[in-house]
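The following features are taken from TrEMBL:
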BINDING   GLY241, GLN242, THR243, ALA244, SER245, GLY246, LYS247, THR248  ATP binding site
COILED    527-561  coiled coil
COILED    714-744  coiled coil
COMPBIAS  1-11  compositional bias 'Polar residues'
COMPBIAS  24-40  compositional bias 'Low complexity'
COMPBIAS  85-100  compositional bias 'Low complexity'
DOMAIN    159-525  domain 'Kinesin motor'
REGION    1-109  region 'Disordered'
REGION    175-198  region 'Disordered'
REGION    356-418  region 'Disordered'
REGION    796-818  region 'Disordered'
Amino acid sequence: MTVPSTPSGSKPTRPAPFTPKRPLSVSSLSSTSSSSSDSLTARLARTGTPNLLASTKKYKAPISAESRTRNFTKTKSVLAPVPGTPVRPKTPNRPRTPGTPRKEDNPLLMPATSEMDVSNVDPEEVLVDFETVEPGDVSGEVDEAWLRAAALDHGKEDKVMVSIRVRPTDAHTAWEANPSTNSIKLDPTHSKNPTSAAQTSSFNFDSILTGTPNKPIYTTVARSHVHAAMEGYNAVIFAYGQTASGKTFTLSGDDDEPGIIPRAMKDVFAFIRRTPTREYLLRCSYLEIYNESIHDLLAPPSSAAANPVQIQGGGSGGDVVLTPLREEVVTSLKGGNRRTACTDWNKRSSRSHSVFRMVIESRERGSGGTRNDEDDDEPVSAPSERQTPGFGRHTPGPGGRSQTPGLGGPRLQVRGGRSVQTSVLSLIDLAGSEKATSDKERTREGKYINTSLLTLGSVIGTLADNAAKHKTDHVPYRNSKLTRMLQPSLSGNAQISVICTINPDVNAVSETTSTLLFAKRIKNVQLHAQKKEIVETDTLIERYRKEIEDLKTRLAEREAEAPVRSRRLSAREQVDESKAMKDLNTRIQQLTKLILTSQTVDECKGDESRPSSPVKVDFDMSPYQLQQELLTARLQLDSQSTQILSLEAALDARPPLPTTAPENEKDKLIQEQGKTIRELEIVVRGYEENLGEPLRAVREDVEKEWKEKLEVEVKKREEKERWAEELVKQLEKEKKMRVTLEEERRALAAFVSKFDSLGLGLTLPNATVSKLKPPMPTPGRASIAYAERRAMRASLGPVSSEKLTGPEGEAPASPTRLDLKFKGSNPILLEQMPEESWSDISFETIEVPEKPAVVGHVKSGLSGPKPPREVLGDKENVVPVAVRA
Ligand SMILES: Nc1ncnc2c1ncn2[C@@H]1O[C@H](COP(=O)(O)OP(=O)(O)OP(=O)(O)O)[C@@H](O)[C@H]1O
């Protein structure tokens, strides 16, 4: 094989570029006749460094299919094997995915297939764990103290880690870099603009790195992020800087100084080797953004050119989808390798962005210690992830969110309650930052515009501004391929490390200043990286239980120590202590609510018919107590249901964030809502499964106990209903009687009136006649007429008093019963009337003057002249009450 050399047109000061994705094998190197290859081979042998890592080169242009198929004879895949390269022996027990074309069937398909293409493999067959990691794939250096500290820090960093790497130079340097204070400042003598703050003040960053060795660079800026990715967080590391400032040297390195990518790969395997409890599925992809087109660098050149990668989705916090994008499974760092051509490297290397990414999926190993222990387990996916292996699996993108329906291969599945963690490690070599020039500058300086870089600057600027000023300005992610692809990461859900490489030369002051300003801005971007985990409900509950146990133990320990400790503690510390204990209690209560532990399962063993209950129910209680319990439980159930409904309603009614809201807020909202929904589901399920049954049991007991009493009560009620009906009938009759009485009253009034008109009554002064309503009854004839009327009414059927009595014997008050009130000194009228008719007429109080009434020509049995009647006013007139009523 001939290793393509750097094109003759390249700058003499620049060594050939390298890529980490196209590792160089010993065999390929030995076939090269150049002396440099020999010395490299010798160096590799000496250091024991696996050749693939030491020989990575930056890849900027797709290699031709011929050059790929010619060179490789090794048997195992390394990173992503070049399609068509027979790099791995067939695993006899691995079934071929249905529909996968065989190479021997159609040689033309060879370049388009790869055995390690994730869509062609069963993930369970290509898992990596501590037993399968080969010693050569692991970096020897393990810094235990650092590892412990790093483990504590994962997920806590909420800011982008920004480091400056100063490229060594023989020329005079314009910058004063101080690694001990992590600051850098322009030498005032080189400031072209002494009024500019950027050129006069000092910049501070997380670290200032100098020198050539790449190991300290990896340890300082990348190792924690690689570990975070292994722990389940998305991580992005990218290099930003002007052309030739050392981005590729930092990320890829060279033979002597492997960069971040090869070191990260070794670290990944070292991590797996140190983690006997988990098993991993590692998938890699590699793409390039050039001139706002995305090229899949692992796809065969012909198909890559014909099918540029498209970005879909990504709006409103949704997933970014890259399609078509090939992913290759990585099981080892050794094996068949290939060398890439660098035909037009000089033309495009500094103008393209290359993105190497690794999807890391992991889950706990089976309890027996080997990953195949539970192979007979049915794989159980979380509901949202349930999918037939080999079909339509999604492929996360560089930001950890991308999903490619129908294109990615099968994913690791939840198995036997073991949840799956997914994260993406993205390592990005950006184009030269001086390409981020505006149109105006471009036309002025004739520079090539790089939309992605330009947009990256404005996205970072807006994000930083939003974070600093608590704004929600629109972030223009969609203005470029790079920012759109990185949207999930840049909007916060990733740990980000940026290495800004600078050229300290005097003639690069303005570019370096602009790089430092970019670095300063990105430092302010807020992050909130979160682990992505697919969990089964049972696992979640089990996890809550464990946490409760743990918390209870801690609480008990604290309580036991409390008397002794409190003597030693200050007042303030005691307050803190009691707050801590309260917090522990609160958390225990929260978790208990979530899982509704089944405490009475064991108690109910003797009575199989009685369901177990999460609520303690004492069946020796009296029926009344049981009923109370039942009511309380029902109320509780109702209030919980109401709570659930109101939470659901609140969830539904939650106003969608404005489209201008920052993407990180949208992501956060979605995550919170997802969490709430999961918790509600658990609560609802808990109530349905645990509380419903015992309530039914309690109800049965109570119903049995109260059945007889209930029957008696029902009979009583029926009797009362019957009596009420009777009463209604009586009332109807009374109403009729009342009508009759009214008629009688009218007849009486008519009679009296006639009586008076015949001149049989008193002669009253004309002026007062109209005030009489009606005219006074006159004794004698009127009473006889009245008696006749009474007799007539009696013939109609008077209401007997017995008929008006209720079931208890008491007579209901009759609206027709009239009071006879007669006060005064002239009882003549009544005396003349039959006694039985008194009860039917009521008179208001009558006050008659002492003067003797003038009877006039009224024939009466009374002796002596009566004084004439005087009208004393309406209220003193005799008016039958029935009339007034
Ligand atoms: N820290 C360093 N120590 C030694 N040599 C370095 C260092 N940084 C960069 N170089 C060398 O400088 C040259 C340019 O570096 P490199 O190719 O990494 O630049 P770059 O920023 O990736 O450029 P481009 O944007 O064009 O891709 C290379 O020859 C590289 O080996």
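Just so you know, glycine gets a Cβ as well, placed from its N, Cα and C.
Where TrEMBL records a feature, it is marked here on the structure.
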| residue | record | contacts (Cβ under 8 Å, 6+ apart) |
| --- | --- | --- |
| GLY241 | ATP binding site | ARG165, LYS247, LEU430, GLY432, SER433, CYS500, THR501, ILE502, ASN503, THR515 |
| GLN242 | ATP binding site | GLY432, SER433, GLU434, THR501, ILE502, ASN503, ALA508, GLU511, THR512, THR515 |
| SER245 | ATP binding site | ARG167, GLY432, THR501, ILE502, ASN503, ALA508, THR515 |
| GLY246 | ATP binding site | ARG165, ARG167, ALA239, THR501, ASN503 |
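Of all the binding-site residues given, namely THR243, THR248, the one with the smallest number of surrounding CB atoms inside 10 A is THR243. Residue counts for the region 'Disordered' (175-198) under DSSP, split into helix (H, G, I), strand (E, B) and coil, are 5 helix, 8 strand, 11 coil. DSSP classifies THR243 (ATP binding site) as coil under the three-state reduction.
Neighbours of the ATP site: apart from GLY241, GLN242, THR243, ALA244, SER245, GLY246, LYS247, THR248, residues of the same chain with C-beta atoms within 8 angstroms of the site's C-beta centroid are ARG167, ALA239, PHE249, SER350, GLY432, THR501, ASN503.
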